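Q: Here it is: the structure, laid out below.
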Amino acid sequence: MLIKTIFIIFLMFFSVNVFSKNVWIIENIQFKGLKYFSKDEVLKNIFFNIGSNISENDIKHSIKSLFQTGKFETIKIVHSGKTIIFEIKERPIISNITFSGNKIIKDSILKKYLTELGIKEGNFFNPFLNTVFVKNLKEFYSNVGRYNSDIKIFKKISSNNKIDLQIFIHESNLVEINHIKIIGNNHFPRDKILSLFKLKDCKSWWNFLEKRFYYSQQLEEDLKNLSNFYLNQGYYYFNIHRKKVRFLKDKNKVNITVYISEGKKYKISNFFLNGNLLQYYQSIKNFINIHNNEFYNKEKITLIVKKIQRFLSEKGYIDPKIIIYPQINFKEKKIILNFNIDIQKRYFVNKINFRGNELTQDIVLRREMKQIEGEWFNLKLIELGIKSLEKLKFLSDITVQKEILFNKENGVDITYTLKEQPTGTLNFGLGYGRDSGLSFNASISQDNLFGSGNSLKASIIKNDNQKYADISIMHPYFIDDGTNLDTRIFYNDFKYNINSFYNIVKTTSGFESDLSFLINAFNRVNIGFGYTHNGLLNKEEKFFSKNGNKSSDKFLKTSLVDDFTLNYSLTHDTLKYFYFPISGNQTYISGKNTIPGSDNKFYKFLFDSEQYIPLEEEKKFIFLTHIRAGIGNSLNKEKLPFYENFHAIDSNNIRGFRANTIGPKKIYINSNLEECLGYNKKSIFCESVDSIGGNAMIISNLELITPIPLIKTEYSKFLRSSFFLDAGNIWDTRWDKEQNIHFSQFPDYTILNNIQASIGISLQWFSPIGPLVFSYAYPIYKNKNNQLEAFQFNFGKNW
C-alpha cells in the first residue's frame with residue numbers, strides 16, 4: 001500500500017510524521033526507544049489496538065494521551081503499510097536529588113514539597129514541574145523577606161538515561177526598611193499613622209535590638225489597618241491611591257512611600273431597617289445602637305451586623321443576608337444607612353453525628369449536647385456543646401460542621417469531629433527513705449472507663465511508716481439531668497515519726513460520697529456525706545504542744561475517733577481547655593463540718609480560684625492569677641484535729657520551698673538537740689523539720705505564661721512555660737508564743753504574719769503518662785529555718 005501523506009504534529013516542541021489516510025486497518029504496532037516504560041503501559045494510553053480501524057484523529061489523541069503521562073520527551077509515529085511504528089524518546093529517570101545553601105528550609109521539607117509536585121527519585125524528569133518548583137520557592141522566600149534569593153537547578157544526565165538534580169539555593173539577606181513616607185495625611189501626624197504599622201523604620205527606645213525588616217505581606221496588613229483607622233474616624237471616602245516600594249542600590253534597604261487621600265468626615269443622619277423580619281424586627285432594631293449625627297464608624301457597623309447575624313443564627317436562620325446600602329448627602333456630609341436584611345430559610349437540626357470517637361460511646365458525647373435533634377438550629381447551643389466536650393479530659397481538637405440537607409426541606413445535620421486523648425495511666429514507684437525504709441507505690445486511673453465516661457482511680461502505698469489504699473469512682477451522669485455521683489473508699493495506716501522525738505500511729509478508714517448538681521453550663525453544686533474512723537496511738541510522750549503545755553495531747557495515747565461530715569461545694573468553670581487553659585475562670589468554694597454523732601466538732605472552708613487572661617489575640621501570652629485560701633476551727637474550745645490541718649504540699653506549696661516545711665512546727669524538749677531546727681545553746685527547745693500544718697492558709701500565684709522560643713506550633717499544645725511569683729503561708733490562729741518566753745526564737749504563726757514568697761520559672765509538659773511540671777525558684781521572703789529546694793518536679797495538673 002502506497003504512502004499517501006506524511007503529517008507532522010508539534011506538541012510542545014515534539015514532532016510526529018504520519019502518512020495520512022482517512023481510515024485504515026492496523027495489523028502491527030511497534031515501539032522503538034522504550035527502556036523504563038513498558039510496551040503494555042503504552043498500549044493502555046493509546047486509542048487503538050491491532051485489527052482496529054484507525055484515523056488521523058486516533059493517532060493525534062493517542063499522542064496527546066502519551067504526552068499527558070509526563071514520561072516522554074519526543075514521540076514520532078511512522079505509518080508504513082499496515083504497521084504503526086512509535087519512535088519514542090523517554091524522559092530521564094530522576095536518580096538523585098541534593099540540596100545546598102538552604103538554611104531556612106530543611107532538606108526534608110524541600111523533598112516533601114518536590115514529592116507533592118511529582119519530582120522524586122524514580123520518577124521521570126519533567127522540566128515544567130522544575131519551573132513550578134523554582135517559581136513557588138522564590139515566592140516563599142519573598143514572603144519571608146528574602147527578596148533577592150536565587151534558585152538554580154543543575155542537571156547531570158548519565159549514559160543510562162538517568163539524571164541527578166543538584167539544587168543550589170542562595171538565601172538572600174533580609175531587606176531593612178530605610179524610611180517610610182506618608183503623603184496626603186492632613187488630619188493625623190506621621191507618628192500617629194506609623195504607630196498603626198508593625199513595620200518600622202526606626203527602633204523603639206525600649207527594644208534597641210529589634211530589626212526593621214520589610215515584608216510585603218505585613219505591609220498589606222498595615223495598609224489595611226490604616227484604612228480601617230480612618231474609616232472608624234468617619235472618613236468614609238478615605239483611599240490609599242498607591243504604594244511605592246523602592247529598593248536602594250545595594251538591594252539590602254528599601255524606601256516605602258504610601259499615597260493617601262483622607263477626604264472629609266461623614267456623619268450618620270439616620271438608619272432604616274428593611275426586610276421581612278417577622279417578630280424579630282424590634283429585637284434587631286435594638287442592636288443598631290447608632291445615634292443621629294454620630295460619625296461613621298466601620299468597626300461599629302461591622303459589629304452590629306455580626307450581632308444581628310448571631311441573633312438570627314440562634315433562632316434557626318443559618319445564613320441571613322445583610323446588605324448595608326448607604327445614601328450619601330455630599331453637600332451636608334451625611335449618610336443614611338439602609339440595613340436590608342433577608343433572613344432566608346429557617347432550619348431545624350435533623351441529626352447530630354460524632355466523628356473520631358473510637359473508644360468513647362456515643363451516649364457519652366450525646367449527653368453533653370445542648371442542641372436537641374428536631375428543634376430549631378441554635379448556634380449558641382451548638383457552641384456550648386463544644387465547650388462541654390472540651391471539659392471532658394479525654395477529648396481534644398473538637399470542631400463542628402453543619403451540612404444542609406437537600407433531600408429534607410429546611411433540615412441540617414451537625415457533625416462534631418474530635419480526637420480522643422489517652423485516658424488511662426498506670427504508675428509504679430520504688431524508693432528508699434531513712435525513716436520509711438523501702439517504699440513501694442502504685443496507682444491506676446482511667447478517666448473514660450470502657451468508653452462510658454466514668455472515672456476510676458485506685459492507688460496503694462507500702463513502706464515502714466505507711467500502708468495506704470484508696471479507690472474512687474465517678475459517674476458523671478448518675479441521673480440523666482447531669483447529676484454526678486462520686487464515691488471514694490480509703491484506708492491509711494501512718495506512723496508520724498520526727499527525729500525519734502515521738503511516734504503517732506494513725507489508722508484511718510472511711511468513705512465519702514457526693515452528688516453534684518448541674519445548675520447551668522458553667523456552675524455546679526455538690527453536696528455529700530463522709531465518714532472517717534480514726535484510730536490514734538501515741539507511743540512517746542516526749543513532746544510539747546505549740547502552746548508549751550507538756551503532754552497536752554495525751555488524749556492521743558489511745559484514742560478512737562469517729563467523724564461524720566457534711567460536705568458541700570460550688571464550682572464555677574469557664575476555662576477554655578482542661579489542660580493548658582488559655583482563657584476563663586475556675587472557682588471552687590467548698591466546706592465541710594461535723595454533724596451530730598461525731599466525736600469531734602469542727603468546720604473547714606476552702607476557696608480556690610484561678611483566672612486566665614489572654615494578653616493578645618493569639619493567646620500565646622497569658623496572665624494567670626491563682627489563689628487558695630482556707631480556714632478551719634473547732635466548734636468548741638478544742639483545736640482543729642491535727643489530721644484536718646492544711647499543709648503546704650502539691651498545689652498548696654510555694655515553689656522553692658521543700659514540700660510540707662512551710663507553716664507551724666512542733667516544738668520539743670530533748671537532750672538530743674542537734675536533731676532539731678532552730679537549736680541554740682541558750683534554749684532547750686527546738687522545732688520539727690516538717691510542718692504539722694495549720695488551721696488557716698493563703699497561697700497565691702501570679703504567672704506570666706509565655707510561648708517557648710524555637711518550639712514549633714504543633715508542639716506548643718504539649719509544652720508551656722511561665723514566670724511566676726508565689727506567696728503565702730500556713731498559720732495557726734490559736735498560736736500565742738507570748739505565753740512562753742522560751743518560744744521567742746521561733747517564727748510567729750499568727751494570721752497574716754510571716755509571709756513566704758519566691759520567684760522563678762516553670763515548664764509543664766503534657767507527656768504520655770500525664771502532666772509533668774518542672775520549676776526552678778528563688779525564695780525572696782523566708783525565715784532562717786526554712787527548708788529550701790530550688791529545683792522541683794511534680795506529676796499532675798499545675799496550670
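In case you wondered, yes, glycine gets a Cβ from its N, Cα and C as well.
When I checked Swiss-Prot for this same protein, it listed these features:
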| type | residues | note |
| --- | --- | --- |
| DOMAIN | 24-91 | domain 'POTRA 1' |
| DOMAIN | 92-172 | domain 'POTRA 2' |
| DOMAIN | 175-263 | domain 'POTRA 3' |
| DOMAIN | 266-344 | domain 'POTRA 4' |
| DOMAIN | 347-421 | domain 'POTRA 5' |
| SIGNAL | 1-20 | signal peptide |
Q: For the domain 'POTRA 1' (24-91), DSSP counts of helix, strand and coil?
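A: So the counts come to 19 helix, 26 strand, 23 coil.
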Q: Would you report the average pLDDT that the model assigns to the domain 'POTRA 3' (175-263)?
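A: The answer is 87, the mean pLDDT of the model over that range.
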Q: Going by DSSP, how much of the domain 'POTRA 3' (175-263) is helix, how much is strand and how much is coil, in residues?
A: 22 helix, 29 strand, 38 coil
Q: Tally the residues of the domain 'POTRA 2' (92-172) by DSSP class, grouping H, G and I as helix, E and B as strand, and everything else as coil.
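A: When I sort the residues of the domain 'POTRA 2' (92-172) into the three classes, I find 28 helix, 26 strand, 27 coil.
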Q: How do the residues of the domain 'POTRA 5' (347-421) split into helix, strand and coil according to DSSP?
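A: Residue counts for the domain 'POTRA 5' (347-421) by secondary structure: 17 helix, 30 strand, 28 coil.
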Q: Do you know the DSSP helix, strand and coil residue counts for the domain 'POTRA 4' (266-344)?
A: 26 helix, 28 strand, 25 coil
